[in-house]
């Protein structure tokens, strides 16, 4: 029943655990005075209610709210809920930070946690405070952001008990500011700020019973920032140093750390003069009897302290002076004072420690020993010296030691502040207050009083701030404001600091000449005991008082209050110290007479003594000495409160979980005490008094959508929430509607959660019912199917068994039948025989007896017969007569009646019918019988006939048998004669057989013997063979095993060595690239410093100009003073630059560091070269394969050459015939018209002309066919296709594909590989025009690539068709009518164009056609920019490719034919000219020639470009400016060939190499490198710019390799490209420089990409709900988290994918190498995975089952993107493996040991710390999920203990994979590159 009826769970007080959880056993009624409860351990309890108040126990929150990041998110806000939530987070989840509204609660784990590294700082930087898990870094980031956003100073107030972790928290906050903000001047200000921590810890921290590093003073550090919010300096204020610790320590405590550090370092040579030893040798350091701290090396800490002093500018001499003073204090404590008498004391002469003290302090021994045992008393008239007893002398000695240490402390703080001070104007600051928390001990004195007074002031400020925030929140949301009652501790503060308060009375008592602690206590009793309720007097003491503080009552002992408040020291002792020769000591006491400023030193504790100077200052000094410690502390505290009130405070409350320093041990009693003392519970109470739970309307709608019906959901979500909430919660006072939020009273969220859980539970039950029904039915069907199958087989088996049984039974029955029959028959026969014998005898006897009886009966019968016959006859006669008479009467009567009837019937027809009825039946029966008999007769006759035929056949058979037998008989008779002969033969054979048998027996005996011998021998041989075989097999097996082992070992060793080499190579590359990055950073700093020097000296220095031909790679790489730099610096000379003064020491250090880095870089480069050589050896096999392929190409070229030679022979043969015909006919008329030679020549010329005309006609026919095909395709395709064509052409033009396609086509079509297997045009057309073209078969010989490469040239033939298509879309009817005319015009124009092109050389023809096509396509592409349909675009590209193939093949054939004919025409024209010249010479002067002289066409010579560009020296700046500095990736560069700037630069470099101008080569390369760097420095945040120059730099590097002349690079070139190799200079060093530059650009690209992706990743991958409705929104507290609903401006997964698409398209458009794109994508995915996983590990709200599903879906979308881009093999997917495993970890079961084993095997990419962190953070979103048990996490840790891995929790998001640049040769011929006019490079000349 209880399982169905769940009662409320409550908290009840408990003396041990403070609060215990219990559950009601039955409902509570108003009249009940007792609650029936059951504890968690199963015990029943009756809890009695208070009869007066009837207060019910606190309700417990739902389990889903337990463990929340913010305590204000709890529905029930009270002390037990807060305590339980903190305990669950601290013990179960190992989380030490928790928000409580505006307060960060930090619990000391007493264990070092890996949550404070630089990776954690980077993860929290820039995040909202509510978006990440609670952390001290989150508070620091919030303060930093508010300072920058609100321009208001901030404060972080860190408080808590000693040992709670205040100092560590403050240290980490300052570390965060130093790391995130950095310094503006790079003067290491942040390092100095952090360096102040070890110094202050050394001189102000000590070991106590509660803490090993307890701060014994309070401090407030102001970290200053400039306008850009960089750290510029800091300032420190300290409060209330515990001076008494210098002279006294309790058991198990220590003095200040600096003393023990000095003693530990006493063996150092520089400290020998201090005469120190072990800490146990000095009174001031051995009183605690435990001078060591576990795990702390004091000597090492001393080194850290000295380094910090050095960093803060305190040089070695000052440090030695400080150590000298500290050592003197230790020696002073060992000075022994003895009694001289009862009222005086004396120090023994030559006291060693006092001598050392005086020597170290530079004072005289006599003065110091005298004034340690005497004091000076002054009266109005005289001054006299009085000895003091031993006790007072010891107290005076200790007071002097404390005073010296306080002075030293103040001096160090002042110098630290000076070191942290800056001259730059401070714009804002963040203060970090590390101050003592509320303290209460068994004995509380003046220190505890001041500490608790400070905490009262801070608590008042805290309460007011919390109250103010609540009020502002309500007013902002326009909620009716009702005054919330909160605790105001102003009465307690008045009791302490008001007039006639505790401090006022204490100061007054200190002024009294005979004031004492007792008199001061009496004054307190008289003044406050009856007037103030907060002041009490202890019952058993008159020297103590009690004050009711805000946290607890504290009893203070009055003893020592006056002395500590006065803080007196012997004035003469101070005078002795002032007379010292020790400069530092004099400096310490030089301000002794000055007044202490409230803003000055930390403690400000001044002596009340005055020196005896002139009287003019005596009054002032005495006045200043009236300032007591209490007054100074009150003034300092007042200044601190003013500072805090002027800033925005942030609170950190440190909690000490136990008093034993046990790691992750939680003591509820101690925790509750501190929670009450630090104000956390007061914050809870203030929040609970109003509306503690707050939801935005969107969050409320998303969370409680399940409670709404469909009709309740309105378009206005705000109205929807109002309507639903009014239905769910009846009391309107329980909630309020604000402008953007809904406010709930305490407990309402729990009520709504209960309603939601009930609704979900009901839905779950229904879903489970349906699913279980479905599962049960599926199981039943499976079981039924299995059962039917089993039954089928079982029944079959049973049937077979039954059949077998039946067969056996039947056989047994048959056997039994016959057996029994035989037995029964035998028995029957015996019995029958016996029976027959018996029957025979018996029947004979019976027959005789019966015969005798028959004889007697016969005789009796005869007698009876006779008698009876007589009697019967007599009776018969009488009866007969009577009967006859009667019958006669009756028959007569009947006959009469019958006769009458017959007469009547005879008259009717019916009578006859009745008579005939019987006859008909009888006739029919007779007829039937006749028929049956006839039938039987027929059957019998048939049977007879059958029997006759069978008898006849049998007779024939028998007759045949008879004849056979007769013949056999004849044979037998003939054989009988042969028998005798055979018998004789048989006898003879028998004799031979006997002889043979005897011989056989002898042979068999011999064979048997031989066989036995042979068998024995064979057995022996077989045995020996078997042994040999076994040995052989063993040896073979052993050899095989050894070979296998050796092979495995070798393979394994080779694999391991390969992996190690690859790992080492990647590490070396990474180190090299990191060093290169550092080198570049230092170099930039060097340049900045250089500019500062130049500006500071105001003398322009010309740049250094190199003149030697041999250059250094590093100098060339990093030379910024080229001519270009000089000109630009000259042009920018008017700019105003303000720089600070140069730190020359830093400059020298940087210069030295640059040199070291260069050396290290060179060594790493050598190592990298060695590694790469090893890999190059492994590629030798690939080179051999390329050589084989090259040899095949050479063979084909030889075949082609043979073909050309045969054609040449043919031409020679024709020429020979012509010569023979010419030589055959002599005379002057041999060459005349009509002669044979002339006829042969004319015939060949006419044939050539005819062939040329035929080719022209074929071209025209083909073009007309293309036009007709185009028209047919226009009718079949949609009207939008031309637009798509133009768009595709535009895109290819933008990518620079058209020009590159044409150039590559020209070279490729002439290569043997292309000429080897040409594809027929018709076949290619048929393939492309098929419905489903097989592109793999189509591209088997690379035709598609050739088509793509030939796109530029074929566009010339498409121009007219595309124009006609564009016109046809304007008006379809007009296009159809005018098509014929346009085709005619087109044909005429093409004929003219063809005729013109035939007369031009190839290069000029191509140039003209290209220019024509570019103009036409540019106009067409502009019209296609509006088409965005990707489907149409793909169809357009396909159609273009199809048509390109048609035209390209025909164009190639035409080109080859034309070139061939032109060559023949040249030859024939030359021959004709010779013949005509000879004919003219033979004509006599008087003769005339009738034929007119034809004009000779002189063709232009084709110019062969060499792929070089020439420029003048003075044009170099213009070249670099136009091509690099002013070239924009968007605009001009988009329309270029990919890598065109690199090609142009290399072509210019080739010309400089060609002319052997080393100066030109050097300056060009230097200017290029420097200009690229300048572009990146100026526009380094633009991804397109960086990508563009990365692509061009890599292409330039590849060109340097490809044309370097090295064999390893030349093997990929064509013959023409090899001819273009550099001939004069080896630019290997510059290749390394360019490689380093490419690495720099790549890293810049990654940083740029990371800056763009970083804001999208967390929102898109984690926060946004890609699958809506899966994740639930949990109740949140004051720190609201980022909503998962995609609002406007919120990044989603689609945003990330769109950005990735943008990156990829830009890099592809710029022609980036595919391998480099893969590396970039891999780095992108690593950043996405690392940032997502890091945020997952730092956000408890993200670790749930549903979020794991969201992450896995998002990762699948990223993988799908990789598949779409064909990048699955780039290694990007593997970088997401940690994130995938983390998502799987969120979804797997986490209960049993099997689950733990599965998790350990699954999560191999996650570290142990990450796995444990995810399990600790796992948070159920709904009640149906379960938390991970602590035992399960321990099991995981134990299983993963042996893993060797890094303890780092977060992934390094700044890690960049080492980049490589694989060689990627270009197939583009340099001589075909055209320079667009848009580049303004007309001064370049093609060579």
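Cβ from N, Cα, C; glycine included.
Among the ranges 595-625, 688-718, 719-749, the stretch that TrEMBL annotates as region 'Disordered' is 595-625. Among the ranges 916-943, 944-971, 1140-1167, 1168-1195, the one that TrEMBL lists as coiled coil is 916-943. The feature region 'Actin-binding', as given by TrEMBL for the ranges 568-590, 637-659, 660-682, sits at 637-659. Sorting the region 'Actin-binding' (637-659) by DSSP state (H, G, I as helix; E, B as strand; all else coil) yields 9 helix, 8 strand, 6 coil. Excluding 160, 161, 162, 163, 164, 165, 166, 167 themselves, the residues of that chain whose CB lies within 8 A of the CB mean position for the ATP site are, in sequence, 108, 211, 214, 215, 437, 654, 656. There are 24 other Cβ atoms within 10 Å of the Cβ belonging to residue 167 (ATP binding site). Applying DSSP to the domain 'Myosin N-terminal SH3-like' (5-57) sorts its residues as follows: 0 helix, 24 strand, 29 coil.
Cβ neighbours within 10 Å of residue 161 (ATP binding site), excluding its own Cβ and spanning all shown chains: 25. A C-beta separation below 8 Å, combined with a sequence spacing of at least six in one chain, links residue 163 (ATP binding site) to 108, 208, 210, 211, 214, 656, 661. For residue 166 (ATP binding site), applying a Cβ distance below 8 Å and a minimum sequence separation of six or more within one chain yields 158, 159, 160, 215, 434, 435, 436, 437, 654. Residues within less than 8 Å, Cβ to Cβ, of residue 165 (ATP binding site) and separated from it by at least 6 positions along the same chain comprise 106, 108, 654, 656.
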